[in-house]
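Taken from TrEMBL as is:
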TRANSMEM  36-59  transmembrane segment
DOMAIN    48-270  domain 'G-protein coupled receptors family 1 profile'
TRANSMEM  71-96  transmembrane segment
TRANSMEM  116-136  transmembrane segment
TRANSMEM  157-180  transmembrane segment
TRANSMEM  200-230  transmembrane segment
TRANSMEM  251-268  transmembrane segment
Amino acid sequence: MEPLNSSVASRSDMCFGVFNASKGHNTTQTSITSPWFSTAFGLIGLCSNLFALCVLLSSSRKLSSRSRSSFLIFLCGLVVTDFTGLLVTASVIIPYHFIKFIWAEVDPSCHLCNFLGFSMVFFGQCPLLLGATMAGERFFGINRPFSRSTSISKRRAWSIVGLVWGFSCLLGLLPVLGLGRYTLQYPGSWCFLTLLPDTGNVVFCLLFALLGIFSVLLSFVLNTVSVVTLCRVYHDRESVQRRRDSEVEMMVQLVGIMIIATICWMPLLV
């Protein structure tokens, strides 16, 4: 048994060396947090996103406005990303809270840990980048309506969403390719980037954090300018009142998304 344990320990150093898997297992056994807590919140998030997706699909079929149609596509991409992220991460984290398995025994090669770490980075960065993309689209739509191309189609909007997904995917694959690494995090139910003082981990952590902070700050600046512009021109023309009402509605939704992203992510990013 001793050679077996030593071989498992040597392999687990890849993603379990920072977090002592055996100690973490014993600690989480006495945790006062009920597994039903994470299950309930996971189900609430999934049902909320599924409901939002149904509403968006229903609304997109009734719209003739191209600008609002592109905005709804970006919003739909955001909801799909959030729903998929909850589904993927909950499929690993929630079973852990019920079973309390030991990662070094279940995943000695760190494939599951790397997958979960990739998912946390990918589904964490995507909403921030999509929020900045939506803010940019609304900024040019409100402040530079004549300089923006009038041929923004649904296919082009989905292509932009696909580019955001592809960029986030590449970012999440960097530790797998050798820049930094994913390791098990307290209390032993999830894997994420590693806060260690070696060059690879520092570069990847800074890249993830600075990119997220830049996305949030860019959204804040662009949304602020768009809101100020709308406040100035909202009562200028009665003939465009209906269009301005639609613009205000989209900006309210976008500001709400920005506030939620800021509250949820900025403390971790900083």
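Cβ atoms here come from the backbone N, Cα and C positions, even for glycine.
Against the transmembrane segment (200-230), stretch 116-136 shows more Cβ pairs under 8 Å than any other of 36-59, 71-96, 116-136, 157-180, 251-268. Two recorded stretches are said to be in contact when at least 3 C-beta pairs lie under 8 angstroms, sequence spacing 6 or more; the transmembrane segment (251-268) and the transmembrane segment (36-59) fall short of this definition. Computed over the domain 'G-protein coupled receptors family 1 profile' (48-270), the whole-number mean pLDDT of the model equals 83.
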